[in-house]
Amino acid sequence: MSVTLPKRAWSQVSATVREQRDYAEGFRWLDLDVPASFGAPVAGQFVQLLLDSPSPVLLPRPMSVAGVTRRGSKLTIGFLYAPVGTGTRVLASLEPGESVHITGPLGQGFPLEEPGTPVLVAGGRGLAPLLMAAESLAKARRSCEFVFGARNKSLLIGLNVAKEVLAKRGGRLHLCTDDGSRGTKGNVVDVLDALAPRLDAPLVIHACGPHAMLGAIARWALANGARAHLAMESVMACGTGVCRGCPLPRSAEARARVLATGDEASALQGNPDWAMCCTDGPVFEARELDWDRVE
Ligand SMILES: Cc1cc2nc3c(=O)[nH]c(=O)nc-3n(C[C@H](O)[C@H](O)[C@H](O)COP(=O)(O)OP(=O)(O)OC[C@H]3O[C@@H](n4cnc5c(N)ncnc54)[C@H](O)[C@@H]3O)c2cc1C
Ligand code: FES
């Protein structure tokens with residue numbers, strides 16, 4: 001008897017380091033070559049990077065995709081990351097030609113096709129998936145407003161690349177810093193307040209950055225009739241819905257919908273109370289989560 005398995009969008013392959021370079025403030029840019037059979041990720045999706053054995057870390061590390069380039073029979077996938085702990089420090093030491101296992105593409109990306117004025121909002125290292133979103137919008141001949149904020153100017157990591165991408169692709173950059181050392185003095189919500197009256201409604205926000213910033217954007221969107229898609233993070237072990245280790249609290253509205261429609265039917269999705277960051281997300285619409293309980 002033949003068994004029909006559900007279609008799986010991701011695969012696990014061996015990737016080769018193509019290039020690795022220093023970025024500002026200790027950040028690194030990593031390019032990995034994977035076979036073209038690896039599904040091309042969309043902006044907002046992530047992969048799991050597993051170091052070759054022997055490795056000081058057992059589990060793979062989740063990483064957002066910052067860029068994808070097709071080169072003949074290969075795909076090059078780019079990452080912007082901070083070496084903050086054991087796994088990412090070993091990743092930072094890999095030389096061109098060395099290998100790492102990559103599983104992906106994983107999770108739900110930004111719904112960039114949604115009608116409205118696209119506003120991309122990046123906080124700190126949250127720039128990575130939004131650079132790719134700006135590229136994807138440009139390929140679809142859509143311009144964007146790009147809000148980039150940080151505590152101070154030295155933490156606007158990747159600003160030069162953002163400028164380059166937007167100059168080439170026609171997006172408008174709006175900078176802000178908490179201390180006023182670059183751009184508007186204030187946070188990204190202050191910029192949204194100033195920008196919104198000048199843009200055609202509805203605004204469709206796609207954002208990535210610290211959870212406190214994403215919560216503030218979600219509340220702003222809910223109060224101002226905008227849609228907001230927020231790329232969340234959680235400590236992740238499997239990245240595929242199996243370990244149940246990355247729950248985020250659903251809103252009452254989402255809970256009622258899941259109960260009514262049985263959206264939790266897949267064993268790899270969350271349950272009525274909790275969404276799994278890796279499979280239901282990492283990108284969530286503002287109405288999906290209970291922002292008072294997000295940590
Ligand atoms: C969907 C997703 C996308 C991500 N994309 C990026 C990215 O594009 N660039 C990037 O630099 N990082 C990204 N991260 C965070 C990255 O996965 C962690 O920094 C990494 O797992 C740390 O591993 P480590 O072994 O170096 O650190 P560990 O030794 O495991 O921990 C060192 C420190 O990092 C913190 N840490 C561990 N995991 C996370 C996490 N998931 N988020 C935040 N802090 C964490 C720990 O609390 C600890 O303080 C992403 C995380 C997720 C869930
Ligand atoms: S990381 Fe395992 S369920 Fe999300």
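Backbone N, Cα and C atoms are what each Cβ position is placed from, and that goes for glycine too.
Nobody curates TrEMBL annotations by hand; they come from automatic prediction.
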Original post:
According to TrEMBL, Cys238, Cys243, Cys246 bind [2Fe-2S] cluster; which of Cys208, Cys278 is also listed for that site?
Top reply: Cys278
Original post:
In Å, rounded, how far does the Cα of Cys243 ([2Fe-2S] cluster binding site) sit from the Cα of Pro62 (FAD binding site)?
Top reply: 14
**OP:** Would you list, in sequence order, the residues of this chain other than Arg61, Pro62, Met63, Ser64, Gly87, Thr88 that have their CB within 8 A of the centroid of the site's CB atoms, where the site is the one recorded for FAD?
**Re:** Gln48, Leu49, Pro60, Phe79, Tyr81, Leu91
Original post:
For ligand 1, which among the binding-site residues Met63, Thr88, Cys243, Cys246 have a CB under 6 Å from it?
Top reply: Met63, Thr88
Original post:
Cys238 ([2Fe-2S] cluster binding site) to Arg61 (FAD binding site): how many Å between their Cα atoms?
Top reply: 9
Subject >> Secondary structure of Thr88 (FAD binding site) (DSSP, helix/strand/coil) >> reply: helix
